[in-house]
Amino acid sequence: MLRVVVMVSGGGTNLQAILDAIDSGKITNASVEAVISNNSGAYALERARNHHIPAVCVSPKSYPDRAAFNQALLETVKQYRPDLIVLAGFLVTIPPEMIKEYRNRIINIHPSLIPSFCGVGYYGLKVHEAALKRGVKITGATVHYVDEGVDSGPILLQKAVEVKEGDTPETLQRRVMEEAEWQILPEAINRIANK
Ligand code: GAR
């Protein structure tokens, strides 16, 4: 059984897609051992509690500096002995010590076709705003392994999504989630769980 820890900062629709895929048998041989957030108000924590999964907040506000926060984050993750860490809308830079400890065992979902619209400053709605501004006709989502760079690790899965006439960042974000993110993130976990 692959022990999965999911890290989240916001609404947690990708977390929900993972939990639903486990419940429906689309993901096998994996269990979510904990959901960890930097944000105590993240609705994702509520989704975890509803599923009777430990929901833990490690907030930077509770620590004197970044180093102390990074250490607390790593210690919290370690408690759950993950085989795989899934960043599902986790908007905090992963500490280098964590990347070292869990090399090739951390994956991230990004809401564009990497290498487009990724890297520093590209997260959440900003990604879709940039895609619309550039006028691309196709966008999508990417699941990739996490390394020391920003959105620079090896790509595991990608799925393309059409940009439609009249799209706003919000409508495009929703379509990318529905048609790509909520499919390829569970699929990536299932593939890793079943080699
Ligand atoms: C998702 O669209 C995810 O791809 C994005 O944040 C959103 C979280 O939504 N992640 C990034 O932009 C990472 N660079 P959710 O909390 O509803 O899953």
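Glycine too: its Cβ is placed from the backbone N, Cα and C atoms.
Quick look at what TrEMBL annotates:
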- 3-189: domain 'Formyl transferase N-terminal' (DOMAIN)
- G12, T13, N14: N(1)-(5-phospho-beta-D-ribosyl)glycinamide binding site (BINDING)
- R66, N108: (6R)-10-formyltetrahydrofolate binding site (BINDING)
- H110: active site, proton donor (ACT_SITE)
- D151: site 'Raises pKa of active site His' (SITE)
Give me the sequence-ordered set of same-chain residues, not including G12, T13, N14, with a C-beta within 8 angstroms of the centroid of the N(1)-(5-phospho-beta-D-ribosyl)glycinamide site's C-beta atoms. V8, G10, G11, L15, Q16, A17, A44, R47, A88, G89, M177, W182
Go through the recorded positions G12, T13, N14, R66, H110 and pull out the ones with a Cβ less than 6 angstroms from some atom of ligand 1. G12, T13, N14, H110
Alpha-carbon distance [N14 (N(1)-(5-phospho-beta-D-ribosyl)glycinamide binding site); D151 (site 'Raises pKa of active site His')] in Å: 18
On the domain 'Formyl transferase N-terminal' (3-189), the mean of the pLDDT values is 98
Lowest local Cβ density (other Cβ within 10 Å) among binding-site residues: G12, T13, N108: T13
DSSP state at H110 (active site, proton donor), helix/strand/coil: strand
Tell me the Cβ contacts of the residue listed as 'active site, proton donor' under 8 Å, same chain only and six or more apart in sequence, or just say none. C118, Y122, V127, A141, T142, V143, H144, D151
Check: min Cα-Cα distance from R66 ((6R)-10-formyltetrahydrofolate binding site) over binding-site residues G12, T13, N14 goes to G12
Cα-Cα, N108 ((6R)-10-formyltetrahydrofolate binding site) versus N14 (N(1)-(5-phospho-beta-D-ribosyl)glycinamide binding site), nearest Å, comes out at 11
N14, R66: which of these binding-site residues has the highest Cβ count within 10 Å of its own Cβ? N14
Neighbour count (Cβ, 10 Å) for D151 (site 'Raises pKa of active site His'): 20
